Amino acid sequence: MSDKFHILLLNGPNLNLLGTREPEKYGYTTLTEIVSQLEAQAQGMDVVLSHLQSNAEHVLIDRIHQARGNTDFILINPAAFTHTSVALRDALLGVQIPFIEIHLSNVHAREPFRHHSYLSDIAVGVICGLGADGYNFALQAAVNRLSKSN
């Protein structure tokens with residue numbers, strides 16, 4: 001790897017609908033806008049940011065597997081897979097890449113089934129309830145952590 005940090009941003013199911021899907025919960029910012037802002041932030045930090053959004057669990061898992069050996073950190077909004085996917089958990093454990101779990105809404109203030117995450121206990125940290133800003137905070141936290149370890 002080069003001297004730049006390589007960070008992978010993963011977004012799970014239905015996040016492609018951001019901006020129009022339940023904006024009272026998720027806001028009016030689109031995923032394209034979030035990613036564009038993060039790319040600009042990453043460029044200013046000399047970070048290589050890759051992004052994938054998928055509604056398919058296996059596509060996210062395959063991308064996590066591909067990250068092994070060439071990615072320093074993962075930022076993931078697993079969306080509904082948060083509450084259901086042991087497979088995503090196993091993939092993240094398998095590649096041993098540190099990650100931060102991101103949620104736009106405060107999952108703890110929502111329906112009880114959204115309170116459990118299969119990922120949070122193995123994550124470096126969890127950011128929830130801060131809307132699109134949560135992505136910016138996660139990127140900054142990842143870079144801070146990577147900088148301290150180098």
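Note: Cβ is positioned from N, Cα and C throughout, glycine not excepted.
According to Swiss-Prot, the feature site 'Transition state stabilizer' maps to Arg21, an assignment based on sequence analysis. Per Swiss-Prot, the feature active site, proton acceptor maps to Tyr26; the stated evidence is sequence analysis. The substrate binding site annotation in Swiss-Prot covers Asn77, His83, Asp90, Leu104, Ser105, Arg114. Look at Swiss-Prot and you will find His103 tagged as active site, proton donor, backed by sequence analysis.
Cα of Leu104 (substrate binding site) to Cα of the residue listed as 'active site, proton acceptor': a span of 6 Å. For the residue listed as 'active site, proton donor', the spatially nearest entry among the recorded positions Arg21, Asn77, Asp90 is Asn77, judged by CA separation. Sequence-distant neighbours of Arg21 (site 'Transition state stabilizer') (same chain, 6+ residues apart, CB-CB distance under 8 A): Asn14. Around the Cβ of His83 (substrate binding site), 16 further Cβ atoms fall within 10 Å across all displayed protein chains. In this structure, the C-alpha atom of Asp90 (substrate binding site) lies 27 angstrom from that of Tyr26 (active site, proton acceptor). A separation of roughly 12 Å, to the nearest angstrom, links the Cα atoms of Asn77 (substrate binding site) and Tyr26 (active site, proton acceptor). Distance between Cα atoms for Ser105 (substrate binding site) and the residue listed as 'active site, proton acceptor': 6 Å, as a whole number. The most crowded of the binding-site residues listed here (Asn77, Ser105) is Asn77, judged by how many other CB atoms sit within 10 Å of its own CB. A coil conformation is recorded for Arg21 (site 'Transition state stabilizer') in the three-state DSSP classification, outside any helix or strand. Between the CA atoms of His83 (substrate binding site) and Tyr26 (active site, proton acceptor) there is a gap of 17 Å, rounded to the nearest whole number.
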